[in-house]
Amino acid sequence: MAQSSTSHDSGPQGLMRRPSRSAATTVSIEVFDHEVVPASLGTIAPILRVAAEIEHERPRVAYLCRFYAFEKAHRLDPSSGGRGVRQFKTLLFQRLERDNASSLASRVKKTDGREVESFYQQYYEHYVRALDQGDQADRAQLGKAYQTAGVLFEVLMAVNKSEKVEAVAPEIIAAARDVQEKNEIYAPYNILPLDSAGASQSVMQLEEVKAAVAALGNTRGLNWPSGFEQHRKKTGNLDLLDWLRAMFGFQRDNVRNQREHLVCLFADNHIRLTPKPEPLNKLDDRAVDTVMSKLFKNYKNWCKFLGRKHSLRLPQAAQDIQQRKILYMGLYLLIWGEAANIRFMPECLCYIFHNMAYELHGLLAGNVSIVTGENIKPSYGGDDEAFLRKVITPIYRVVQTEANKNANGKAAHSDWSNYDDLNEYFWTPDCFSLGWPMRDDGDLFKSTRDTTQGKKGSFRKAGRTGKSNFTETRTFWHIYHSFDRLWTFYLLALQAMIILAFERVELREILRKDVLYALSSIFITAAFLRFLQSVLDVILNFPGFHRWKFTDVLRNILKIVVSLAWCVVLPLCYAQSVSFAPGKLKQWLSFLPQVKGVPPLYIMAVALYLLPNVLAAIMFIFPMLRRWIENSDWHIFRLLLWWSQPRIYVGRGMHESQIALIKYTIFWLLLFCCKFAFSYFLQVKLLVKPTNAIMSIRHVKYKWHEFFPNAEHNYGAVVSLWLPVILVYFMDTQIWYAIFSTICGGVIGAFDRLGEIRTLGMLRSRFQSLPGAFNTYLVPSDKTRRRGFSLSKRFAEVTAARRTEAAKFSQLWNEIISSFREEDLISDREMDLLLVPYTSDPSLKLIQWPPFLLASKIPIALDMAAQFRTRDSDLWKRICADEYMKCAVIECYESFKHVLHTLVIGENEKRIIGIIIKEVESNISKNSFLSNFRMAPLPALCSKFVELVGILKNADPAKRDTVVLLLQDMLEVVTRDMMQNENRELVELGHTNKESGRQLFAGTDAKPAILFPPVATAQWHEQISRLHLLLTVKESAMDVPTNLEAQRRIAFFTNSLFMDMPRAPRVRNMLSFSVLTPYYSEETVYSKNDLEMENEDGVSVVYYLQKIFPDEWTNFLERLDCKDETSVLESEENILQLRHWVSLRGQTLFRTVRGMMYYRRALKLQAFLDMANETEILAGYKAISEPTEEDKKSQRSLYTQLEAVADLKFTYVATCQNYGNQKRSGDRRATDILNLMVNNPSLRVAYIDEVEEREGGKVQKVFYSVLIKAVDNLDQEIYRIKLPGPAKIGEGKPENQNHALIFTRGEALQAIDMNQDHYLEEALKMRNLLEEFNEDHGVRAPTILGFREHIFTGSVSSLAWFMSNQETSFVTIGQRVLASPLKVRFHYGHPDVFDRIFHITRGGISKASRGINLSEDIFAGFNSTLRRGNVTHHEYIQVGKGRDVGLNQISLFEAKVACGNGEQTLSRDLYRLGHRFDFFRMMSCYFTTVGFYISSMIVVLTVYAFLYGRLYLSLSGVEEAIVKFAAAKGDSSLKAAMASQSVVQLGLLMTLPMVMEIGLERGFRTALSDLIIMQLQLAPVFFTFSLGTKVHYYGRTILHGGSKYRATGRGFVVKHEKFAENYRMYSRSHFVKGMELMVLLICYRIYGKAAEDSVGYALVMGSTWFLVGSWLFAPFFFNPSGFEWQKIVDDWDDWNKWISSRGGIGVPANKSWESWWEEEQEHLLHSGFFGKFWEIFLSLRYFIYQYGIVYQLNLTKESRMGKQHSIIVYGLSWLVIVAVMIVLKIVSMGRKKFSADFQLMFRLLKLFLFIGSVVIVGMLFHFLKLTVGDIMQSLLAFLPTGWALLQISQVARPLMKTVGMWGSVKALARGYEYIMGVVIFMPVTVLAWFPFVSEFQTRLLFNQAFSRGLQIQRILAGGKKQK
């Protein structure tokens, strides 16, 4: 795309774009020619590329190339059947017609054939040969030259054929042969040029690479197929992987890819060995064994689990063992590299490898087949795609067919088999029934292989693949099913507390026999709960019964029978033992007599029942025993485990060490002490007295028709009282967890030394230790250091004598500061103040600190010295009191001497200066300086010197005379004013000068006295600039750098060096790693149009960012040397810089790539410090980082060696899956991605290429995984690996990652999202972090290294700030506690670093089943933990992360996370963790994953339970009876219980961890002020609103499914959202629920009789009204310009238009209410039976309003004369509903029949209906005493009923449509939406009347910006003023 910059007005050169219906049509002006080629014509792209390249040189040859391309396109697709082919041919033909005449005119030779031939010869001789024979050939240029020559020869042959020229000159044929051979050799490569031409490359000269390549090349003793044998003899460079390809039919590029992969792995492990291998260029067996053990650990475990012997059989001969091991590893990686989506099924890969490795062994051992009697041959082999076609594709087809049954996420999980189901088939020995070669009739293939019967080809119905060990059923029962031990524990504890409370037992009496007997009834409850779990095991997993084995069925039946037996035995024994059991029952149980001396039968039964729990307790206390038993093959242990849990491959032996167990057990025991003390004393015990009182009330006067008027004990009232309390009891552990984790995280963070350096002042105080810290942690050392906590961190001070160490510090520090300047965080002046001299002056005997530490020290020292009158030692002591002042004084003095020595060259002058300096230093050494020198003139001397330095800095030759005068002045000041005694030598020299007749320092042209201007070297310029700063900066540099982000980064980085981290190894010895970034189609780089585009307020992105980042904008202008924005826009280069500047402040791929490429920059710098000698280090890294052309070409230069090491250790792959399509369609993003590759040569892009290929006359799509890099401003293909089908068949993001995973390298892999950023100073610590893989972290080595993130989007608005704080606390304090002590950290986002080999052999770094793995990342953590991994968390390194900044984007994000958690609740992974963890770790797992969402749901349910309970009490009349009873008895506790309930809003607790983390890192005063500001900015409103989002989407996902990936905006949000948009977004999740709660509160206010004056009542009602207000109005509070009158008017018009608009096919939801309404209930169409049942059941609650309120009406008082209220009243009230329905139906039918043609008739109909309604209401007023109050109450009664009917109708949609009522339902729904819209909109409108509300809201919303002096009003009100 180098030629892609052709502008629109480029005239005839560009092809004009034609409009087309198809989005995939392939042509665009910007990137035509060689890039935009239809998918089916990919092979002609190189020809068009060559044409574009040579066009300026030989237009005719370019024309002939295009003509040949046109012919070839016609040959490939004669009928133009491929997509976009016809348009492409047309445009190409038009171009040919246009260019023909002009190119013919410029032809040099007579014929076209001669023209091409002469150009070919010229190109070959003058370019190709010249390049090839050069001393230092550029490999990339050579490769490209050979490819071009190959294309030209192809064109030459075609032209000769058309001109019927038969003979081609022999020298051309010879050249073509040479080109063809070299083309194969100079193939594009990724990191290592593993062909014969690449041997001279620097990376191939590394000893470890040589060793690995040599080991792969050892093909001794292998038999090659005949075709390969000839090739091998000819080239001699085939290796072991080529042999595997020949035998098993792998793809060529797969082999090339895995060859490099294997070489990198071997080289990496080989160089790290200790002791070092001898010789270094021979691959050590230890390196091979290390890689092999990692690669095959899972495979060996799998074989052991299935009781099979593994196939890794080694030969007897020692010399062949290494070769055999490499063959096995190569085979596995080749299988993995071609497995595509099957990589998500690791045990399926184990099965394939098991059989192929067995065949490999047979091949090499010469085994004979038992069946055929011949030598064993591979079952699948032959051509290059045999393995893909015969092994992978059949399995892929099964996976694809099952995925298609998912119906795009709409089908139930039980209807199809996901990746896990299919993989788990290979956890059973049944998988071997597939055989090898695999039989098509094996179980796995039943779903797709229909077997033909008979000649007519009738089909047998396909068998079902079926679910495996688990079925994801949509039900809330999963919450109990997955965490049954937790709920059992809570229920038993609750039962025990209730027993103690009602028995009024004091805690000290708990060991009384009768109390213990009463408490022992909990075991009966436990037995029933266990029975429930056994039943759920069968019911929830029943859809997978096809795959159940007999042992599974037996186990389930036995468990149900045994648990049922206990449910009978325990109650019977208990009843027989207790005294209060009925006498008849005791007689009936007389067959259970007690024998004397034997304990009671119940006690024995309980002991027997608890026996298995004793065993479990022993295994809990000794986790090592549990691990051993779970991994054991002993049958007794298998039987034991078979009963307690099904035997599955994962989840075994994952228990932690004894110490870890003790830590998290203590955490939970302390938490439970607090939780149960609170629950018992403040919840359960307080309700005992009110409960007894309520149950003792008789004679309740009911206000409605009571169905059970004579029922005793008022159970309804008791339930209303207890239900909210019990719900809070189940939820409040989450609150206690928040408190305890905050305290625990704070303590751990403090011990981790977080926040020790948090301000610039703290940094200054610790700066002297910094060089030591740098050299300890960032510079490798041979000394080993013990890790661990110490109270103080001390580092050996780097003294001036240790110059190399000081130089290393300066290189690292300066590179960090330079990166700050590049990012525009600091200005040029600040950079100068922060830099340390790159090249230290050998004459200085001290460390040169950065000037910002020494600023203003010299002026202060001068003032001090000028006024000092006492002894020298006192003055020096005062100066030395400030270490930096001492350094500044010494450095300035030494620099003063250095300047004079450099400047003065006259003999006499040099002697004079020497005498003065000698005199000064002599006096200093004798402590007599102050007595012999006057100090008062010192400032005058200094000012002269400052002037001199200023002149030297600019080095203007015209100022020579001024320099002479200054030197004379300075000499005079010293000799006349300062020296008290005359120096004899000076006098003599003065006399000598008089005699010569010239003045001092003046000199002559022949004999100058001074050298001015001095010789300008970089070192001289640096020294003079620094000296000038030290002398002139008078103000303190306390606030340097001024930028807050720069301050934060420096503070965190320096603080992290005082934390505990591993020492860094040398770069060559470090673990190599890759970074993988999934990218779909988000923003890459903002275009110029994006920058200039204004929103509705006239604000452009550039203007916005100028106001948000004013200091960075100023620094940017300074860097470009521009005055303002106008001058920036004058140059194309500056516009590009501006685009980059803006893109680096958004969430773009450009920002992410820049951040990740810091890794490479850091590695090169660190490798320089490792590899450079002392001279090179003292000369500085700058000399290397700006190499000469010679250095770049030389393979021996230090520069190329650094490049080689960086290449080997770091790979960055951006997986841009749509790049191919974007390129073909001319999408700007493709050009941006190419530019990224050009600017970052080591960046690789992986994409999925869809190519149309013709097979058997049919065009079909073929998919490839392609890896590309940039060469010579074009993208160049490195590998192209064919896939069995489309890569995306499940969740898109994990499958995008998966396809690119094969192109990553190294032993660690970092997953980075494209909204992340990185910093150079953090990248420097990557080596340290990777060493954590080798550190001791408990029983198991780490498999995922987690670390913290900094949220960089928090500075814009209050919302962004809340979100930023919330996210920051989660990724720091939250995950710190999860990792230690709780040991349940998983994988939550994307800075985590994976143990790559561990994960690629166990299913990858995410899971991809549609729907269930919506939160794909956390499943990587689940999978890692279940497969005995270990996830850690580290605080000393961080990356940047962007978050959504507008309320709607935040809500979309939270909806996505809530849906993901809903799916997790149903998942097998969580079920297995819940059952395989020990009890306390299971508690941790629950409360840190789905437990938070369940607790949030319980909070909302508590509010509902409380209010509906109150509604029941008030409407039924029970509450009035209770209040009267309490008043009569004087029972205050009963009154209080009625008035208050424990209603807690969990959202407010989100601030706890935030406050702790801010306190730790920025000080507790800051934390407190931030907390207060957050409250003032309505943070509680935001968190309460978020609670509603979480609960709605979590609950809906579990009930109905329909979860999907929700793309959230990543843009800059200062945008007003329209009311209609907010309504669509929040109607169902917040507004409906808020309205319902509001109606409940109003009803209770009207009918309630509880004590309204109590504080408890006020608190509860206040908090509930706050919840309602938050849910209804938060979207308006947090909407920019939400209360601006004009916007309100526009919003209302827009909403009216939207709600009135009719829907229809193709009408989007944002244009029509009908379309939106249909979309909103779509989930009900696909919901299961239970989902629909619960939806209807929950809707029934709305009927209680009508039932209760109709009996309160004035109208019905007549019917209340009797003792009982008649049910007829309620029945008659339904007539109103029926009447309304009839009216609606009449209107609906009338509209259909009359509205179009008989408008008058329709109006008359509506008039009659209106008159009729008025007449009926009037009669009711007159005859039945109806009042206005009755009408208002009726609305409260009937509106909820109508809503209930509407909800039920939506569920019963098919029925409604059948009976013809759907139109009425729609009309009713629209009416309700109108009412809801008006109710919500009215208060907003009223507030908008007052202008100050809008101003207040803006201030509230953008306070963060205001505090930094920003003017958001101008941004909102219009940047138009700027124009």
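Residue numbers in this text run from 1 along the chain shown.
Placement of Cβ uses the backbone N, Cα and C atoms for every residue, glycine included.
Record features, source Swiss-Prot:
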TOPO_DOM  1-481  topological domain 'Cytoplasmic'
COMPBIAS  1-10  compositional bias 'Polar residues'
REGION    1-22  region 'Disordered'
TRANSMEM  482-502  transmembrane segment
TOPO_DOM  503-521  topological domain 'Extracellular'
TRANSMEM  522-542  transmembrane segment
TOPO_DOM  543-559  topological domain 'Cytoplasmic'
TOPO_DOM  581-601  topological domain 'Extracellular'
TRANSMEM  602-622  transmembrane segment
TOPO_DOM  623-658  topological domain 'Cytoplasmic'
TRANSMEM  659-679  transmembrane segment
TOPO_DOM  680-719  topological domain 'Extracellular'
TRANSMEM  720-740  transmembrane segment
TOPO_DOM  741-1486  topological domain 'Cytoplasmic'
TOPO_DOM  1508-1535  topological domain 'Extracellular'
TRANSMEM  1536-1556  transmembrane segment
TOPO_DOM  1557-1566  topological domain 'Cytoplasmic'
TRANSMEM  1567-1587  transmembrane segment
TOPO_DOM  1588-1630  topological domain 'Extracellular'
TRANSMEM  1631-1651  transmembrane segment
TOPO_DOM  1652-1657  topological domain 'Cytoplasmic'
TOPO_DOM  1679-1732  topological domain 'Extracellular'
CARBOHYD  Asn1710  N-linked glycosylation site
TRANSMEM  1733-1755  transmembrane segment
TOPO_DOM  1756-1766  topological domain 'Cytoplasmic'
TOPO_DOM  1788-1803  topological domain 'Extracellular'
TRANSMEM  1804-1824  transmembrane segment
TRANSMEM  1826-1846  transmembrane segment
TOPO_DOM  1847-1873  topological domain 'Extracellular'
TRANSMEM  1874-1894  transmembrane segment
TOPO_DOM  1895-1923  topological domain 'Cytoplasmic'
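Under 8 Å from some Cβ of the transmembrane segment (720-740) lie the Cβ atoms of residues 490, 494, 667, 670-671, 674-675, 678-679, 683-684, 687, 690-691, 694, 1487-1488, 1491-1492, 1495, 1498-1499, 1501-1502, 1505-1506, 1509-1510, 1512-1513, 1537-1538, 1541-1544, 1546, 1549, 1552-1553, all in the same chain and six or more residues away from its ends. Across 522-542, 1567-1587, 1631-1651, 1826-1846, 1874-1894, stretch 522-542 shows the highest tally of CB pairs under 8 A with the transmembrane segment (482-502). Across the topological domain 'Cytoplasmic' (1557-1566), the model assigns an average pLDDT of 91. For Asn1710 (N-linked glycosylation site), the same-chain residues that are 6 or more apart in sequence and have a Cβ closer than 8 Å to its Cβ are Ala1620, Glu1621, Arg1624, Trp1698, Trp1716. For the topological domain 'Extracellular' (503-521), DSSP puts the residue distribution at 10 helix, 0 strand, 9 coil. Counting C-beta pairs under 8 angstroms (sequence separation of 6 or more), the transmembrane segment (1733-1755) reaches the transmembrane segment (1826-1846) with 3 or more such pairs. Sequence-distant contacts of the topological domain 'Extracellular' (1847-1873), counting only residues of its own chain at least 6 positions beyond either end whose CB sits under 8 Å from a CB of the stretch, comprise 1627, 1699, 1713-1714, 1717, 1721, 1724-1725, 1732, 1735-1736, 1739, 1742, 1781, 1784-1785, 1787-1788, 1792.
The list of residues near the transmembrane segment (1567-1587) in space but at least 6 beyond its ends in sequence, with Cβ under 8 angstroms from a Cβ of it, reads 1358-1359, 1361-1362, 1365, 1447, 1450-1451, 1454, 1496, 1499-1500, 1545-1548, 1550-1551, 1554-1556, 1558-1559, 1630, 1666-1667, 1669-1671, 1674-1675, 1677-1678, 1900-1901, 1903.
A Cβ distance under 8 Å defines the sequence-distant neighbours of the topological domain 'Extracellular' (680-719), meaning residues of its chain 6+ beyond its ends; these are 494, 497-498, 500-502, 504, 725, 728-729, 1509, 1512-1513, 1515-1522, 1525-1526, 1529, 1531, 1533-1534, 1537-1538, 1542, 1747-1748, 1751-1752, 1764-1767, 1769-1770. According to DSSP, the secondary structure content of the topological domain 'Extracellular' (680-719) in residues is 22 helix, 0 strand, 18 coil.
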